[in-house]
Amino acid sequence: MTLLVGLGNPTLRYAHTRHNAGFDILDSLVSELDLSFTFSSKHNAYLCVYKDFILLKPQTYMNLSGESVLSAKNFYKPKELLIVHDDLDLPLGVVRFKKGGGNGGHNGLKSIDLLCSNSYYRLRVGISKGIDVIEHVLSKFHKNEEPLKNAVFEHAKNALKFFIESHDFNAMQNRFTLKKPLIIES
């Protein structure tokens, strides 16, 4: 079993902000698979079970994401953990994968690292860096960024679909890494 976590902040106030990239990508995946999330008060998260994957969207706010992840991890005992999250150190249009390592100042990852360790897989989606970090991550994408954001989120969703079928992180990493921003043709 694999625990697949999309990071974000709950409530409509934060819907579709840069920091909610993980939520948006998991929502798109679940929608395409014609499934739905149900709320689990036990884990304070929305859950969706598909094959041998538990998809999880913590409802604790970003800085406490580790609480939901730890609860689900202790209950389901997954063999693997994959976190889908925004990364402001990567330009918009870039997707990278990583196993373990530092949290890059990402408070959701800090919370998970503190409670669960940092030896998990990551799907990192670039959101670019703004002048004011907090204002930037909590802002929505600009209208001129939408086509690129949509293409990158679609790419990340396809990477997750591939991972669900293959169970092969290295193959997903090799096939779906975008080291340079995705080029959108008009």
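Quick reminder: no glycine exception, Cβ is built from N, Cα and C everywhere.
Under the heading site 'Discriminates between blocked and unblocked aminoacyl-tRNA', Swiss-Prot lists Asn9, citing sequence analysis as support. Same-chain residues at least 6 positions away in sequence with a Cβ under 8 Å from that of Asn9 (site 'Discriminates between blocked and unblocked aminoacyl-tRNA') are, in sequence order, Thr17, His19, Asn20, Tyr61, Met62, Leu138.
Taken from Swiss-Prot, the feature tRNA binding site applies to Tyr14, Tyr61, Asn63, Asn107, supported by sequence analysis. Long-range Cβ contacts of Tyr14 (tRNA binding site) within its own chain (separation 6+, distance under 8 Å): Gly8, Asn20, Leu138.
Annotation comment: Swiss-Prot describes His19 as active site, proton acceptor, evidence class sequence analysis.
Taking Cβ-Cβ distances under 8 Å and a sequence gap of 6 or more within the same chain, the neighbours of Asp86 (site 'Stabilizes the basic form of H active site to accept a proton') are Leu7, Arg18, His19, Asn20, Ala21, Gly22, His106, Arg124, Val125, Gly126, Ile127, Val137. The site 'Stabilizes the basic form of H active site to accept a proton' annotation in Swiss-Prot covers Asp86, and the record cites sequence analysis as its basis.
In the structure as shown, the Cβ atom of Asn63 (tRNA binding site) sits within 10 Å of 12 other Cβ atoms. Within 8 Å of the Cβ centroid of the tRNA site, not counting the listed residues Tyr14, Tyr61, Asn63, Asn107, the chain contributes Asn9, His19, Thr60, Met62, Leu64, Ser65, Gly108.
Binding residues for tRNA (Tyr14, Tyr61, Asn63, Asn107) extend across at most 16 Å, taking the greatest CA-CA distance. Asn107 (tRNA binding site) falls within a helix when secondary structure is assigned with DSSP.
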